[in-house]
Amino acid sequence: MILEERSSWEGSKRYCIKTKHVAIICAVVVAVGLIVGLSVGLTRSCDSTEGMTQGTTQGTTQAPSHLPPVTSPPEDQGVCPASEDESGGWKDFRLPDFIKPVHYDLEVKPLMEQDTYTGSVDISINVSSSTRYLWLHLRETRITRLPVLRRPSGEQVQVRQCFEYKKQEYVVVEAEEELEPNTGEGPYHLILEFAGWLNGSLVGFYRTTYVEKGQTKSIAATDHEPTDARKSFPCFDEPNKKATYTISIVHSKEYKALSNMPVEKEESVDDIWSRTTFQKSVPMSTYLVCFAVHQFDSVTRISNRGIPLTIYVQPEQKHTAEYAANITKSVFDYFEDYFGMSYSLPKLDKIAIPDFGTGAMENWGLITYRETNLLYDPDESASSNKQRVAAVIAHELVHQWFGNIVTMEWWDDLWLNEGFASFFEYLGVAYAEKDWQMRDQMILDDVLPVQEDDSLMSSHPIVVTVATPDEITSVFDGISYSKGASILRMLENWITREKFQIGCQNYLKKHKFENAKTSDFWAALEEASNLPVKEVMDTWTNQMGYPVLNVDNMKNITQKRFLLDPRANASEPHSAFGYTWNIPIKWTEDDEQRITLYNRSETGGITLESTLSGNAFLKINPDHIGFYRVNYEVSTWEWIATNLSVNHTDFSSADRASFIDDAFALARAQLLNYKEALNLTKYLKEEKEYLPWHRVISAVTYIISMFEDDKELYPVIEKYFRDQVKPIADSLGWNDVGDHLTKLLRASVLGLACKMGDSDALNNASQLFQEWLTGTVSLPVNLRLLVYRYGMQNSGNETSWNYTLEQYQKTSLAQEKEKLLYGLASVKNVTLLSRYLDLLKDSNLIKTQDVFTVIQYISYNSYGKTMAWNWIQLNWEYLVNRYTLNNRNLGRIVTIAEPFNTELQLWQIKSFFERYPEAGAGQKPREQVLETVKNNIEWLKQNRDTIRNWFLDLNG
């Protein structure tokens with residue numbers, strides 16, 4: 001699965017800090033402010049630099065979503081009523097080991113017009129201990145007939161009763177007599193008939209719509225990870241309960257059906273209905289089961305080994321699937337070769353779903369996508385969109401091996417799926433698009449952003465205990481994905497690329513079609529490398545956080561846990577490793593790269609075996625290959641700043657990005673004076689590469705936002721960064737030309753120039769916006785987001801806002817829609833922003849998948865920050881009813897409050913959480929928000945004067 005909301009934990013973070021603390025005032029005033037804040041922009045907040053690179057966000061299509069926002073199907077308990085009976089093992093969260101499914105015969109019949117479906121499933125089950133009870137997962141879907149139970153001989157066993165134990169989402173079937181172990185015999189058969197609803201959510205089996213030639217059409221598809229297969233059909237919904245499947249779909253003759261496997265046969269049921277039956281699958285986990293009923297067209301490529309690779313897409317968007325088809329073939333062939341293992345199925349399909357809750361889902365043989373992540377129009381989409389499509393396609397292809405062929409034993413090892421896919425996606429795209437510098441871009445999109453998250457006390461280990469569906473959902477986050485990818489990058493560099501590849505191949509071969517744990521992967525890499533992989537890497541996966549290496553005299557190194565909050569207790573929560581790490585330290589001496597293993601047992605630190613002396617410089621952690629930060633002595637930081645100014649190309653672009661990110665993070669943690677960090681930015685007038693500029697924008701956004709309301713200082717800060725970015729902004733200009741990285745760079749630096757009030761940049765954005773409003777100009781694809789944002793910000797009014805909304809409704813390309821959504825959110829008009837928030841409840845206009853994106857976009861607007869947060873508070877019950885507390889995007893939306901910095905705002909956040917204590921999948925985001933706001937308040941107290949003096953001294 002790809003996380004569509006990655007912008008909440010990757011790339012530039014958004015911060016808007018007030019310069020004046022506000023005392024806590026009475027609840028009456030707070031309540032009034034909460035309500036009034038929706039109508040007027042009471043508190044000026046920051047425009048974010050988020051989106052300067054047109055990064056990961058969400059999209060939609062012209063088709064209205066029919067999904068009702070708040071209504072639920074009527075309660076119908078069927079023949080298995082709810083019960084609170086806790087006399088058996090079904091009271092436990094985990095399924096028992098003695099009941100094992102081996103095969104499912106599943107038939108489903110969607111009734112599109114009624115928004116319902118019916119189905120039946122015959123599950124072949126092995127029982128290894130005597131029992132009268134069988135229990136399996138079921139949620140929201142109901143059993144319509146008393147289950148049928150048969151012995152291996154075929155003899156029917158009378159069923160005494162069935163009931164739902166909703167606390168653990170089980171349906172329990174009680175037999176009249178004992179079921180004996182069937183070792184050596186055939187399986188038991190449990191047959192259940194069921195019915196469910198196709199509306200109300202974007203999980204399980206659901207229907208959504210799109211428009212084709214003015215006609216509204218429907219598509220029904222599934223989305224099951226992590227615990228939603230149980231919503232589609234009764235099943236043993238845990239990843240280690242692998243079984244084979246034979247799936248049949250009964251559908252209207254107007255439709256076609258897809259599933260994991262190729263079609264085995266199609267037959268007519270009557271004049272209206274057809275039945276499509278698919279070949280028996282390989283053993284797979286329930287969350288990978290997928291089926292869809294559609295009227296789409298397709299584009300196909302054939303792999304080097306003859307596997308058909310097909311993209312299914314709305315007929316009117318067929319041309320936008322060409323790039324996806326090409327990149328799929330290239331990366332697919334690369335991974336078959338790299339992993340040394342053929343893809344396991346006879347075909348691989350991909351389908352773009354018009355309204356899809358996540359970014360993409362790796363269902364074996366039928367990968368489902370949000371349209372923004374699969375479809376690319378070279379005449380309408382930006383370079384960032386192209387890169388996003390390539391990356392998501394590669395990510396999901398990795399899963400066909402890591403996740404599908406070998407699956408984690410339990411969700412606590414989710415990173416074995418997602419960390420690996422997040423790492424290997426870069427290798428796949430690097431092979432297909434060789435000039436994109438994808439291995440270096442991993443620093444920008446994964447390593448450095450997640451280091452910020454992992455420096456909070458509210459972080460968690462990569463391998464983490466999970467014991468509820470909400471906890472399972474919550475670990476689909478930056479730690480599992482980006483930190484997982486980052487430590488694999490470090491590990492690959494340590495043991496060498498060749499041995500890492502061999503270890504991966506051995507791991508896949510040994511555990512093919514089975515489940516595995518983190519220790520199994522370490523064992524495979526130890527065998528390949530003959531290095532202590534488990535001893536080293538357990539310190540990175542089994543405790544949260546990471547170290548900062550303090551360097552003394554260029555050779556002597558000690559480690560300490562890095563935390564953004566200098567007041568935090570670095571020994572909490574308890575860790576068996578005491579927050580020390582076994583660290584493969586990479587360093588360069590005379591252009592020679594070396595690796596020294598820093599064992600955590602060396603409590604006094606280590607000394608690098610360097611022959612350099614005097615003022616020589618050892619670059620520790622070149623290209624930020626290790627998941628740690630480096631803090632040099634002040635004199636060394638001064639030397640780095642001087643040498644950047646003299647000849648910045650003496651350092652690689654990745655090193656320049658790393659220096660800047662480390663320095664600003666260390667300064668936030670009060671481990672380095674901000675003067676030293678800011679001195680590193682003096683050379684930027686000469687910087688011409690994407691990696692450093694991307695990271696500069698992220699690093700300085702916190703400071704820019706913090707002082708935005710300081711009428712004395714902010715203009716000085718604004719002018720400084722405007723002067724620094726102007727040479728590269730003017731050099732690149734507003735002509736959308738150049739290679740891929742040049743186009744990404746142009747969008748970034750022009751965005752910063754606009755943010756810093758550069759008159760030339762703003763005038764260009766406004767002029768292009770006005771020309772676009774005439775309807776006679778097609779904007780350059782890589783400048784559209786800038787024009788929509790800053791054109792709307794500078795010259796937007798009701799007329800231009802309405803025109804933009806009309807264009808949003810007219811365009812069919814999802815990536816263009818997401819840019820227009822951002823433009824609509826950038827208007828400096830509280831009445832229009834309030835109207836925009838009201839539209840979020842109209843699912844015919846704003847798709848269910850896009851609601852949280854719009855809220856985030858509005859929160860980036862200085863006029864909308866307070867409005868967006870207040871709207872969430874006032875509409876929380878509506879949002880919970882529409883999405884459920886198990887929705888990870890709902891859980892994360894509270895992070896839009898992270899920029900707050902006053903005691904009053906902190907109190908408001910606490911009060912909101914106390915009013916709605918059930919967090920569901922949002923428990924960690926809530927902890928993160930509270931910690932971040934507390935840190936912001938303290939940060940202002942500790943750093944305002946130092947930063948003020950540095951900027952004022954520039955003019956002194």
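Don't overthink the numbers, they just go from 1 along the chain as shown.
Note that Cβ sites are derived from N, Cα and C of the backbone, with glycine treated the same way.
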Please identify which of E380, E409, E418 is recorded by Swiss-Prot as part of the Zn(2+) site containing H395, H399. E418
Out of M361, E362, E396, R888, the recorded positions in the record, which is closest to N647 (N-linked glycosylation site) when you go by Cα distance? E396
E362 (substrate binding site): which of the glycosylation sites N126, N643, N764, N797, N829 is the nearest Cα neighbour? N126
Going by C-alpha positions, which of the binding-site residues (G359, A360, M361) is nearest N802 (N-linked glycosylation site)? G359
By a three-class reduction of DSSP, E396 (active site, proton acceptor) is assigned helix
Judged by other C-beta atoms within 10 Å of its C-beta, the most isolated of the recorded positions E362, E396 is E362
For N764 (N-linked glycosylation site), the three-state class that DSSP assigns: helix
I'd like the Cβ neighbour count for N643 (N-linked glycosylation site), meaning other Cβ atoms within 10 Å of its Cβ, all protein chains included. 14
Counting across all protein chains shown, how many other Cβ atoms sit within 10 Å of the Cβ of N764 (N-linked glycosylation site)? 22
I'm checking region-level scores; what's the whole-number mean pLDDT for the topological domain 'Cytoplasmic' (1-21)? 42
